[in-house]
Amino acid sequence: MGTGSSSYRPKAIYLDIDGRIQKVVFSKYCNSSDIMDLFCIATGLPRNTTISLLTTDDAMVSIDPTMPANSERTPYKVRPVAIKQLSEKEELIQSVLTQVAEQFSRAFKINELKAEVAHHLAVLEKRVELEGLKVVEVEKCKSDIKKMRDELAARSNRTSCPCKYSFLDNSKKLTSRRDVPAYPKYLLSPETVDALRKPTFDVWLWEPNEMLSCLEHMYHDLGLVRDFGINPITLKRWLLCVHDNYRNNPFHNFRHCFCVTQMMYSMTWLCGLQEKFSQMDILILMTAAICHDLDHPGYNNTYQINARTELAIRYNDISPLENHHCAVAFQILSQPECNIFSSVPAEGFKQIRQGVITLILATDMARHAEIMDSFKEKMENFDYSNEEHMTLRTSSVLWGPSTLHPLGFFSSSVKPLPPGNTVCLHFLRILDIKKTLLSFAVYSLYDKTSVCSRDFPTTEAPPGKILTLGGAGMPRLPPAAGSMSLWGAGGNNAGFPSASITRPPSLPASDGESRRTALWDVSRVAQLIPDLFFQLKMILIKCCDISNEVRPMEVAEPWVDCLLEEYFMQSDREKSEGLPVAPFMDRDKVTKATAQTGFISFVLIPMFETVTKLFPAVGELMLQPLWESRDRYEELKQMDAMKEQKAESLTPESTASREKSRDGGKREADHA
């Protein structure tokens, strides 16, 4: 049974105020004066007014906490009796007391106000989260409408100024939205995650927000977020800003960006690139793929140069679009809210910047022959039967007594080695091809622990000194039986003469490895491997950039229509401006079959055949679809030719020619 206080309910009184029913609730702790003031406020009378309450039969009711309750059907009538006149002193005291009461009320309710404000903020954040994307889409639509109007105005009235495109179409695009969430987080199903790793992935099934989530997943799945300390929120902001800086072109749009990046991601898994390249290389490949066509205006380099646009003038006619893509990419990254490389050291960022620029510039098709010839030249010296060449990595082992301390140019804070211990110089990766920056570590083969590690350019160490640990005097002695172990080997020996590398005749396998190290010319491969890596990365992004025909026909064919639409838009503009028109862009001269047959036969197939020599898995999943696509377009080309011949045979000119020929034959027969 509850106590009286716990079961007490406030009393409700119903008042009839000029025909309107007003409910007044008060507790038993209110005195008569408080209840009187409450009734005055309810009726709209001054608080110092004396009132009386009457029942329906005009009986007066006392105003106190014990007054009888009523209902809406039996409300009390309110009758003002008199207004109590306060003296000037009383009014002043009343005013002061009121102000003091208000101040106390505010002071004691500050926590309640904070809670209320926090609640309102949470509600607003929720609304922003739900409505933010709508705002983004509306702004994007407005921007697209403005571009279309500007485009129509430019077509109808060409100005004399050759600078049609500003450096950035809309500078506001680069400003990240702090108050708008990037995009909702989608939970990718296991089927989607698996399909995302394959070149058969259908890129047409996904909305922009879903594509952004897929790109975010790729960076997490490849370990780039973990290895380079990328803030996940910054990654989302960066991806959204990249999305906003792709124009709504028929072909060179954000979906094309996603298509190229997804193909790079699938090739990373298909070819095992993470076993061949460093994580820095993978980061550069993925980032370059995402940024490779940023702010593409829909008109190619030929148009930019012939029309003398601002981009062509800015970049001296040298790959103006690709240079512009790079500039926009790093202008986005210069925004602190979008800088996914904020945790990368300055030297590392310099390598990333140089790598991304190199790869984006390689997507200029005007350089296709140059890049392919250079790559094929490097491939001529590549031994496909050599396991070390095919795995694209080398191993170096050091052995000797523990009299190596101090370790020369290494850090002085190194572990002491047990007597008679063996050490292994383990080359981890080539980070910068031009500077031949090596990252290596010295390991104790005795207990397999790291002794020390350091990154340095080979130019800092004289030849022949690296394997002797800075000239510490370690003799190159043959290993004792069973004392050598190839543990954790991998990387490259670039920059070292073969004379400075002493290797045993054979190395026993360890740590579950089944292969043995083959003997080969270290100095030759030391120069071959880095150059091949450098060229291979450019070939990879080129393959991904023009890889649509690798995909299934129902995915690839719509891209051809989009590309031709963009080509025809450019050729129409070139005709209207009196500029040269490329035949493969002229809607009056090119067809889908003729455009694709030559491109697949002379560009795609040779390039993917070369890559297949390094990565055999590419043959079945990428090269085979290209052959099938070429055959399909060849058949379509023949069908188009037959239709054209049939149409020509039905023209009036051909009919008149045939009739003339028949008349001539008849006259000759009559004459005979």
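A Cβ is built for glycine as well, from the same backbone N, Cα and C atoms used for every other residue.
Under the heading domain 'PDEase', TrEMBL lists 176-640.
Here TrEMBL flags His252, Asn253, Phe254, Arg255, His256, Asp293, Asp545, Gln596 as AMP binding site. Same-chain residues at least 6 positions away in sequence with a Cβ under 8 Å from that of Arg255 (AMP binding site) are, in sequence order, Val203, Trp204, Pro208, Met211.
Sequence annotations record features per position, and here TrEMBL assigns active site, proton donor to His252. In this view, His252 (AMP binding site) is surrounded by 25 other Cβ atoms within 10 Å of its Cβ, with every protein chain counted.
Using a 10 Å Cβ-Cβ cutoff, His256 (AMP binding site) registers 22 neighbours. Marked as Zn(2+) 1 binding site by TrEMBL: His256, His292, Asp293, Asp545.
Sequence-distant contacts of Asp293 (AMP binding site), defined by Cβ-Cβ distance under 8 angstroms and a gap of at least six in the same chain, are Tyr246, His252, His256, Cys257, Val260, His325, Thr363. The Zn(2+) 2 binding site feature in TrEMBL is assigned to Asp293.
Residues or ranges marked as compositional bias 'Basic and acidic residues' by TrEMBL: 637-647 (among others). Here the compositional bias 'Basic and acidic residues' (637-647) has long-range neighbours at 591, 593-594, 597, meaning same-chain residues at least 6 beyond its ends whose C-beta is under 8 angstroms from one of its own.
Annotated region 'Disordered' per TrEMBL: 637-672, in sequence order.
Summarising the annotation, TrEMBL assigns compositional bias 'Basic and acidic residues' to 656-672 (among others).
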Residues of the compositional bias 'Basic and acidic residues' (637-647) by DSSP state, where helix covers H, G and I: 11 helix, 0 strand, 0 coil
Per-region confidence, the domain 'PDEase' (176-640) (mean pLDDT, whole number): 74
Fewest-neighbour residue among binding-site residues, criterion Cβ within 10 Å, set Asn253, Gln596: Asn253
Cβ atoms near His292 (Zn(2+) 1 binding site) (within 10 Å, other residues, all chains): 27
Set of same-chain residues at least 6 away whose C-beta sits under 8 angstroms from Phe254 (AMP binding site): Pro208, Met211, Val242, His243, Tyr246
Zn(2+) 1 site shell beyond His256, His292, Asp293, Asp545, criterion: Cβ within 8 Å of Cβ centroid: His252, Cys257, Val260, Ala289, His296, Thr363
Cα-to-Cα gap, Asn253 (AMP binding site) vs His292 (Zn(2+) 1 binding site), nearest whole Å: 11
